[in-house]
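Undergrad: Quick paste of what Swiss-Prot says about this protein:
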- 30, 31, 32, 33, 34, 35, 36, 37: ATP binding site (BINDING)
C-alpha cells in the first residue's frame, strides 16, 4: 500500500504541488514554517477527510481560496487506484475514487491505512481515554468489517439517549433506546477486547526492543464493571444519568491503560521515552495489520528528531525500514534523517510552500 503520486492544490501554504513519491522513505526537509508539516497533513487528510492540526476546513484552505483539492495515485497490492478529496470553506466534502463521485471518507481510510507520529501525539499516552479508544478503534476498523457501522450507530443512539435524558422522568421512556444500544455496546466491547488481546504480543515485543529497561503492561477497560450486565446497569443508573444529562457508562468510556513497572507511563517515563513508546505502539499496530491482512500502513512522522537522541533515532529508522512500508518524514535538516536515507528514499526540499526534489549524494 503506497501513494505513488500526490497532487496538492490550495492546501495550507501550498498553492500547487505535484509529487512523484518513493515507495520507501520520503523526506521533507526545510526550516520551521516552510510547509513540511503541510505536506504530511495533506497525505493524512487524503486518507481521513480532515487535517490533524485543525478540524475546521477553513483553516487548512489557502488564504482567499474557495476549497482545497487533493489527489493521489495508490498502488494497492499490484492494483493502481485513483483517489481524490476536496473540501470547501462551507465544509462540503467530495470524495472521488477511480473517477467516480459519491464515495465516503471511510472508503479512503480503508484504502490508505496510516499511522501518525507527531509531537502532539503524546496524548495517546498522557491524554484522556478517548485517545486510547481511538487507538483500539483504528485496529477494529481495519480488522472488523462491521465495526464502523456499529460504532457510528452507537454514537448516534447515545446522542439521542442523552438528549432524551433532559426530557424524561421515568426509565420506561428511554428503554427503547437502550434496547438498541445494549447489543451494539456489547459487540463493540467484544471487538475491542479481542483486538487488544490479539495485538498484545506485538506491542510487548516492540516495546521490549525500544524500552527494555521497563516492564510494560497493558489492560483494556470496557467502560463499565465487567461483573455487571450492561442492560441492568443502564436501568439501575437511570436517575444518575438523568441528573448528569448524559450516559455515564458504556463503550464510550472505555480505556486502554498502559503501565511501566506498575506505574502509569505518563508518571514515570521521560518525554524521549514516551516518544519511543508512542512509536512502538504505532509500529506494532501497523505490523499487526500487515500480518493479518497483507496490507501495509503509511507512516507519517512529523519533526522526527525531536525528543530523540542519535541512538534512538537510529533504532527507530531500522524498525521503520524493516516494515518495508511507505514512510513520510519531516525534519529541519538532512543530517537529522541521515540514518534513514537509502536507495529507495527520496528527498524533498520545502521552502515557503514550494517543494522541490533534492538530489541525494
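Including glycine, each Cβ sits where the backbone N, Cα and C put it.
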Undergrad: Sort out for me which one of 30, 31, 33, 35 has the most neighbouring CB atoms within 10 A, since those are the binding-site residues we care about.
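TA: Checking each of 30, 31, 33, 35, the winner is 35.
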Undergrad: Beyond 30, 31, 32, 33, 34, 35, 36, 37, what residues of that chain have CB atoms within 8 A of the centre of the ATP site's CB atoms?
TA: 38, 330, 332, 350, 351
Undergrad: Ten-angstrom check, please: count other Cβ atoms within 10 Å of the Cβ of residue 36 (ATP binding site), all chains counted.
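TA: Looking across every protein chain shown, the total is 26.
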Undergrad: Under a three-state reduction of DSSP output, how is residue 35 (ATP binding site) classified: helix, strand, or coil?
TA: coil
Undergrad: Please list residues from the chain of residue 37 (ATP binding site) whose Cβ is under 8 angstroms from its Cβ, counting only those at least six apart in sequence.
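TA: Listed in sequence order: 53, 302, 303, 330.
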Undergrad: By a simple count, how many Cβ atoms lie within 10 Å of the Cβ of residue 32 (ATP binding site), its own Cβ left out?
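TA: So the Cβ neighbour count for residue 32 (ATP binding site) comes to 8.
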Undergrad: Which of the three DSSP-derived classes (helix, strand, coil) applies to residue 30 (ATP binding site)?
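TA: The three-state answer is coil.
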